[in-house]
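Below is one structure, written out as structure tokens; the observations come after it.
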Amino acid sequence: MTTHDVIVVGAGVTGLTAAWRLAQAGQDVLVLEARDRIGGRLRTEAHGAPGAEADFEIGGQWVSPDQDALLGILDELELPTYPRFREGESLYVDKTGVAHRFGEELPVGESTSAAIAQLTKTLDGLAAAMDPARPWELDDADHLDSVSFRAWLEQQCDDPVAVDNVALYIGPAMLTKPAHSFSALQAVQMAASAGSFSNLVDADVILDRRVVGGLQRVPLALASRLGDRVRLGQDVTLVEWDEDGAVVHVGNEIHAARRLVLAVPPTLVTRIRFSPELPAEHRIAREHQSFGLVIKVQAQYATPFWRADGLSGTGFAPWQLVHEVYDNTPEGEPRGMLVGFVSDERADAVGRLSESERRDRVLESLAAYFGDAALEPLTYVESDWQHQELTGGAYGTSFDLGGLTRWGAVLREPLGPIEFGSSDVAGHGFQHVDGAVRVGDEIAHRILADAT
Ligand code: FDA
């Protein structure tokens, strides 16, 4: 048996941030990661013909200007960033499949524009009044948590195109669930976690920059500072705990510590056995969390052909299989890359197809934006987080109707020597790497405060 001050389970950004802060403060830390790699939901992979491979961001990739916790750690780790390509006009594919070019305003007609502006104002007002770390404290939280986001939008607005567009931004595009399946309160929390609904829907804010070499460099750099304190291939299956500490089991090995950090998504806490068992409320709260589902698709072409046509590569289409698309060409790369997203029920449907049928459907959808040139990529890559037991979906987890007010606070509560956390329980930066850094920092801070 090895003995430590703190054991951290999970080498994603949350766990590694907590571990690095604790190690910097002189604590003896051990990080146990089940996978054979660092980074959890961040992963950069090389794909393409041998000798002509390019890096593809399989998980998270964008950084926004308000994400100061992430920007701070990028600074500290000396990891440079570059802006997303955004010059030129964007595209909007309407319900009939026709692509329209636009500059600032979605080309949806005056009354729909006004309806979207009104919904935006209402959502911005609610988000401004909410502490995203304590959404259940918002006035009217109980009511907002009892009605689905789509039903709430329909109560506010009788323009179906405005409703579909606003539903898209938080449903398929963010929580990656259909807008009828989560509450209006959960939607407002998503907006508040990004500063406002306006920020969340502004691609120039939320998808502002990328990290040179990929966002996985953050956890890789933290892990390299921690050195042999990080151990891979260590699937923690049993935790024995009492008020004085915890003992974790990995196969036949056991490790003990005064404090334990379970830096895994809430849905994966229930994969671990506890002795004594978790109090019912802790278990039930996590059973009511679920991952959204989005398939990130990336297609690389000989050139970024859309740029020659005056297009930025940005496109939205609430009714298309690929509901949003962006230029994802890495800085300095002559070949062009598009990234698109297939979300919620559409991801279920194409998930049942064969690989080649799915690829054809996705490329046809990209062609609805960019024409037939989109049908012939050099390389095509899909991210498959839903098939990985150690994640289970993308981008993150959220509650079903009523869950946030009923169990939201429990997800963040420590239990004896155990701290729980991941970007899924963040306030600011919820479901983003920024939130993972914040939660990791907060946990380390609490443990250090208790140690003095
Ligand atoms: P994460 O899930 O990364 O880490 C948990 C770790 O615990 C994993 O490594 C897992 O293997 C390990 N683990 C689980 N159970 C274990 C056990 N029993 N024993 C040992 N180890 C165990 N964010 C963003 O800011 N910008 C973006 O552009 C995007 N885009 C995006 C796209 C896609 C496709 C995905 C999947 C995600 C994003 N995100 C994102 C979200 C972002 O990637 C995510 O919020 C953080 O990486 C989560 O980090 P955590 O450390 O909290 O969890």
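Cβ coordinates are placed from backbone N, Cα and C, and glycine is handled just like the others.
As annotated by TrEMBL, FAD binding site applies to T14, E33, A34, V236. Annotation note: E33 (FAD binding site) sits in a coil segment as assigned by DSSP.
For 14-448, the entry in TrEMBL reads domain 'Amine oxidase'.
According to DSSP, F341 (substrate binding site) is assigned to a strand segment. For F341, the entry in TrEMBL reads substrate binding site.
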Three states by DSSP: which one describes V236 (FAD binding site)?
coil
If you draw a 10 Å sphere on the Cβ of A34 (FAD binding site), how many other Cβ atoms land inside?
20
Restricting to the domain 'Amine oxidase' (14-448), report the mean pLDDT as a whole number.
97
Under 8 Å by Cβ from T14 (FAD binding site), same chain, sequence gap 6 or more:
A263, G421, S422, S423, A436, V437, V439, G440, I443
Listed in sequence order, residues with CB under 8 A of E33 (FAD binding site) and six or more positions away:
V9, G10, A11, G15, V230, R231, L232, G233, Q234
An 8 Å radius from the center of the T14, E33, A34, V236 Cβ atoms defines the neighbourhood of the FAD site; name the other residues of that chain inside it, in order.
V8, V9, G10, A11, G12, G15, V31, L32, R35, G40, Q234, D235, A263, V264, L390
